[in-house]
Every structure is written in structure tokens, then in C-alpha cells.
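Trainee: This is the structure I want to talk about, given as C-alpha cells.
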């Protein structure tokens, strides 16, 4: 193919060669030597009568280029085929390993069920042998008892007969005697002996029967039952009834049914796991399956849950004495709840934040100051005089976007805003804290602002400094609450209706309600001084709180009532 291209170009060049030029042109030599690989030759020549130059274009593509391109395409195609074969070979190899493992498992499992069957039949034989021994013992005891009674009766009758025969012989001898002197006395003695003879005191009815038919057995039903003995069937797959499942108060009740009744079912196994996916469970899930075993009914309630994911997936299977059935189709139930974390970057330097726990650390601020002091330079910008003159609002911030709380605002905020709906969370606090507060705040809350002392926050405040008091605070106004100080406080927010309520988390007794209109999203806010607290999130609004809110609508206290 390449040679044909070169020859054609040679002939074309010869035909276009001007007069006076040699038979061979430099381009022809180049073509002949193969030095031209890829080029376009533009040649001009005069035609008689044209009066001008006519361009001619030729695409000269050398044979090695075509070969290289085609070989590259073929190599790429071969690489794809090779990769496909390698993947397929790996799949087949894995499947072969699976089959080999299945064969090993089949051998082990068949041996196991065979051993179990031998054990069951041995147990059955042992039961039958024990029953046989008990029945034989009963027959022997019955025979011995009756034998004793009959033998005693036989002995007594034999002695009576012997005595009676002797008496009869004596009477016959007396009757045959011809002596008249002693006949009267002898007859009297015989008469007295007959009256006292044992033969007349004996019962001629057998004290024991020789019939043993009452100890006969009929195994016809048992034989029929044993003949009907067969392997236990695999239980049918249950079906979870989504319409009957309930999710409320951080509990989930799962209800299921079987396609048809099965009296062989011994128990059920329920598995559940948390997920953020609404559909069927993924192969790779972040959370493992949790197992609940030994369920005797066709429903189960799981309590004490934290709904820190959007959904929970459930599946159930039935088990008899021998085998477990297949799992039901997984069902995903929505577990809506308010979940947040504490924003440690907003916390006062004296607050030590770990996950959802906060502890007062009096050395926190001092340590920070010492670190700052070590990092200071001799620049006038960091001189003590200049630092004293700087405005707090212009002080360097802990992080971009929001300053860390400072001065006496020992505050920390959550990392999640509330801009709609009803939310609920609880906080457990140390009742010995010198001061503690829980509530909500606007994002505009200043870094020097204390909770409840501005129009940007609402809170319940515990004071243990000079005298103990529990107050509701807003916009630097306070109302003393006449209720026992609880161990934990529940916070309820209905953003759309502008309701903020505080409850005794244990008894769900209402402590105080703020009614307002939130002009912007709010954030859970907390304050502690010389104490500690921990937050519990992932909680649904308790049903008793919701019902209480409906009853107390229009009667709760409001911001205007704070004094």
C-alpha cells in the first residue's frame, strides 16, 4: 500500500515537472528515501494559455504512519478486551471459590443435621425405653401385689379345708360308733367345732382378679404420629405491616404478619439499623444491624432510641425449633427528630466542650492568654498600651464569621439553626453549678451578651451564687419561677407559632412558656459558670408535651409579663 502511494506521487511529479529540469527532482529523492512522512505538497506550473499559476495539492501520507495509527487502535482495543477478560476471570475465580466454600459448607452442614437427627432419634428412643421400663415396673408391681393377695387367700383356704376334713372324719366316726355312753358328748363337741370351724368364716370370693387387661396399651395413635414424622418446614417469610407500625416518643413499634398461621413458630428475630437513606438498605451502610431475639408475638416495641438519623430500616424473620426462615422485605420508617452538636468555636474560652458535654474550666482563659503572651512581639501593634486602647469590637476574632463569646458571657451555641417546625431537646445540668442557663438565641447575639439580657435571647436561668433562684429571662427582664429545680430541662420550640417552652424533662411538667415572633432563625444556646451540663439530642417532641401545648394554648405566659 505504501509503495503504491510513493509510485503514484513519482508519476505525478514527473508529469508536472517544468521543461529544462532534470528527470529527477529533490522531492522525488526525498520520497524515494522515505524522508517525507506527512506533508502536503503544493506545486505550481504553467498551462499554455492560462497566463497564470495553477496550485495543485497532494496529501502524502507515509505507510509507517498508517501502520502506527492502526496498530495503536488495535492495541487499545486489545487492552480493553484484555481488561474485560481479566475482570471476567476474576469474577469466575471468585465464583469458583464461592462454590468450593459452598461444597465445604454443604458437607459440614449435612453432617451436622445428620448428627442432630441421630441425636433426636436417640432421644426419642431413650424416652420410649424409659416409658417401657416404667410400664414394665407397673406390671410387675401389680402382679406381685395380686400374687400376694391370692397366695394368702389360698393358704387360708387350704388350712380351713384341712381342718374341715378332719372334723368331717371325726363326725363320720362318731356316727358309726355303737357306743351310747359317749355319743351325746361327742356329738356336742363336733357341733361346737363345726360352729367355730374356719371354713365357715372364709370368703369364697377371690380378693384379686387375674385380669391384667387394664395395663394394656394402644400405640395406634402414636404409631400414626411417628409415621407422620418429617422434617420441619422452613418458616414462611413475614411481612411488615407499615400502616400499623408506629413511631413516637423515640420508640418504634413494628408489626408483622405471616402469610398463613404456623403453630410451629417458636420465636421471631427482628433486626434494625439507622440510616439516612429512604430506600432499601445499601450494601455499604455506616451503621450495623442491631438484633433483637426471642420475640414471641407478631410485634415488638423498641424503646430508648435516639433518632440521630433520618430513618431506621427494619426486617424480621420467623424461627421454629430447627431453622430460621428468610428475612422479610426491609421497611424504612422515618424517624424525624432535632439533632445538633455544640459549636466549640463559639464557646467561651473557659468552657471545655467535648461532643455534647460542657464543663467549666477556670484555667481555660488564662492558658489562652499565656499562649498569646508567648506569641507577642515587640511590635507597637502588640504593646500593652495599644491593646488596652483597642475596642473590643475590633479585637481579633477566634474564627472568621462569628466571634467567640468572651468577658462574662460564658456561652456556647449549637451548630444547627431552627427556622421551621417543632423541635425538642433536653439538657442535664449540675444543680451545684454557680450559674446555668438554657434557651435559644438569634445569630445576632453579641459576643459580650449574656443569655436573657438582650432582645436576642430567651432562657431559663439557675442562680446558685448568693441565693438559689430559678428565673425566666428575656431582654434583661426576669420572672421568678415557682417550681422545684429539676435535674434536667426539656426545651420545646414551635418556630412557626413563636412558642418556646421549658419542661421538667422527667415529669414533663411545664415550667414556663415564652410567646413571641421569631424574626430570624434561632439557635439552641447554653451558659454555665463553675459547673457542667450535657445535652441530649435526637429526641422527638413527646406526645404529652404536644397535648399539653394544645391545652395550654392562650394561657401561657409571654415576654411582656417578664418583670
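A Cβ is built for glycine as well, from the same backbone N, Cα and C atoms used for every other residue.
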Trainee: For the region 'Disordered' entry in TrEMBL, name the matching range from 278-308, 309-339, 340-370, 371-401.
Mentor: 371-401
Trainee: Between the candidate ranges 19-48, 49-78, where does TrEMBL place the region 'Disordered' annotation?
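Mentor: My reading of TrEMBL: the region 'Disordered' range is 19-48.
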Trainee: Using DSSP, how many residues of the domain 'Fibronectin type-III' (234-338) fall into helix, strand and coil, respectively?
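Mentor: Summed over the domain 'Fibronectin type-III' (234-338), the classes give 3 helix, 46 strand, 56 coil.
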